[in-house]
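Here's the structure, in structure tokens; my notes come after.
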Amino acid sequence: EGRHMAGSGSDGTEDSDSSAEREQTNSSESDGNMPKRQRLTRASTRLSQSSQGSFYSPLHLSCFHQCGGCFAFIASDTPDLKRAVDHDESPPLTPTGNAPSSESELDISSPNASHDESQSKDQANRDSDKDLSHRPKRRRCHETYNFNMKCPTPGCNSLGHLTGKHERHFAVSGCPLYHNLSADECKVKAVSREKQEEEVKVQEESNSRHATRHQTPTSKQSRYKEQVAEIRKGRNSGLQKEQKEKHMEHRQTHSNTREPLLENITSEYDLELFRKAQARASEDLEKLRIQGQITEGSNMIKTILFGRYELDTWYHSPYPEEYARLGRLYVCEFCLKYMKSQTILRRHMAKCVWKHPPGDEVYRKGAISVFEVDGKKNKIYCQNLCLLAKLFLDHKTLYYDVEPFLFYVMTEADNTGCHLVGYFSKEKNSFLNYNVSCILTMPQYMRQGFGKMLIDFSYLLSKVEEKVGSPERPLSDLGLISYRSYWKEVLLRYMYNFQGKEISIKEISQETAVNPVDIVSTLQSLQMLKYWKGKHLVLKRQDLIDEWKAKEIKRGNSNKTIDPSSLKWTPPKGT
């Protein structure tokens, strides 16, 4: 955590300097420049030593010394500092990939060097250009690898890459071992693919010169098509007994930690096409990782396709790695099954029989319905709902243990089905009388009054149960705003309808089912609770009540309210 990636280039050569080159470069420094360089070197050493156990680790300081912190040296307009980065005048890496710790190993140019020092440094750099010309070009810190990370495939040493173009990998998508290949085999296949791509490119360029809008296939293309057809016809119709045994043994030995054996399942031509597609996808993921758009071990799901909406995600959700690394997830809006591609989703939707959540419909008014889903009876649906909700909730920790909970799913119906608006969950037997464990309004339905409807419905259930309820803490930022707004509205409505002279917190709690603690905190925020002569007094602020009433009149007869007469529900008995 807090470590910066450091290490090797794509050709596998580590960014390190030889001691001879450092001595030659140091010997060309002027004597006047040495004191400042030594002071900066000692300061850097103290920084490296003090950083252990802090946010910046020695591995991070290695990158800091290499490129000047990415904000000091590289961004500087001083010519000698730019040349120091370009010509690799930075400290070497130790065999472990960490920054060197001794003063003799550090060599950092001072950004405050004088004009004379800059001139002497320029001359030293020009003299050493010949010796440095044979060395590989330094890579920026965002293009380097973190050697502390490992491939999740059991038995893999993270060497090699499926594309054959990189020396290391950290994800299953680029693991040669997972794909039943070796690093050398991947390199050989990469060379073969590059040759084929060059031939295709040359052929396309020659064809484009004589292209017409309705061009017929050339004789060469026709022969190629016939050859492919013959190859596909000549493949074996099925696996032989020995091959089946080999495939079964491989599956029993490696289970899901290795890709199934694909040989003899299809033609060599189709298998090669599949391998090319795998390599191309792995290369695209590697480019995104190098650019910093995705990082290993973090959530890679950036968007989900949900019904007719494409939603940007907010937080990490623990979907399986094979789905999480895709970047985009496709989710059925009715059964909440998640899929890898648009094609799979389209096929699923053609045969999915679900048009509403499972469970009992306990509320319906107009197009709005609420379904009660038991986590024990509909475990898969509830787990998928929790995984989906975690993409938009920061504090949620419940994903798989859904059996002790009831889920109340609100939907909006049209001629295609009941579309998910939001939901809340509650424990079947809550010791602290929590009426909500987790609550979510889907992003496409936010700021439309559905959040207050869900909260109001949860308190309606508490009234039927003849209990006082409160949401489970901690609340998310949006959840806290929604609940405070709801409590304020409930209290002002109660004050508006109250005709008596004396009022008590207990009476308000019993009538509204709101916990007394929440009532007191809301009254304090509205400055309606005062302490006078040893007693707490509730002040009836007419200005706030009039303001609330004006908003109610302006809002009119909105359908974004819960009608208690439309509830058909009895409290569930012990499970």
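Each residue, glycine too, has its Cβ placed from N, Cα and C.
Note that TrEMBL annotation is computational and uncurated.
Owing to the predicted nature of the structure, the values given are computational and were not obtained by experimental measurement.
As written in TrEMBL, here are the features:
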type	residues	note
REGION	1-52	region 'Disordered'
COMPBIAS	41-52	compositional bias 'Polar residues'
REGION	83-139	region 'Disordered'
COMPBIAS	95-113	compositional bias 'Polar residues'
COMPBIAS	114-134	compositional bias 'Basic and acidic residues'
COMPBIAS	197-208	compositional bias 'Basic and acidic residues'
REGION	197-256	region 'Disordered'
COMPBIAS	223-233	compositional bias 'Basic and acidic residues'
COMPBIAS	241-256	compositional bias 'Basic and acidic residues'
DOMAIN	296-571	domain 'MYST-type HAT'
ACT_SITE	Glu472	active site, proton donor/acceptor
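Sequence-distant neighbours of the compositional bias 'Basic and acidic residues' (223-233) (same chain, 6+ residues past either end, Cβ-Cβ under 8 Å): 217, 267-270. The 10 Å shell around the Cβ of Glu472 (active site, proton donor/acceptor) contains 17 further Cβ atoms across the protein chains shown. For the domain 'MYST-type HAT' (296-571), the predicted model reports an average pLDDT of 89.
Sequence-distant neighbours of the compositional bias 'Basic and acidic residues' (241-256) (same chain, 6+ residues past either end, Cβ-Cβ under 8 Å): 264. Per DSSP, the compositional bias 'Basic and acidic residues' (223-233) is made up of 11 helix, 0 strand, 0 coil.
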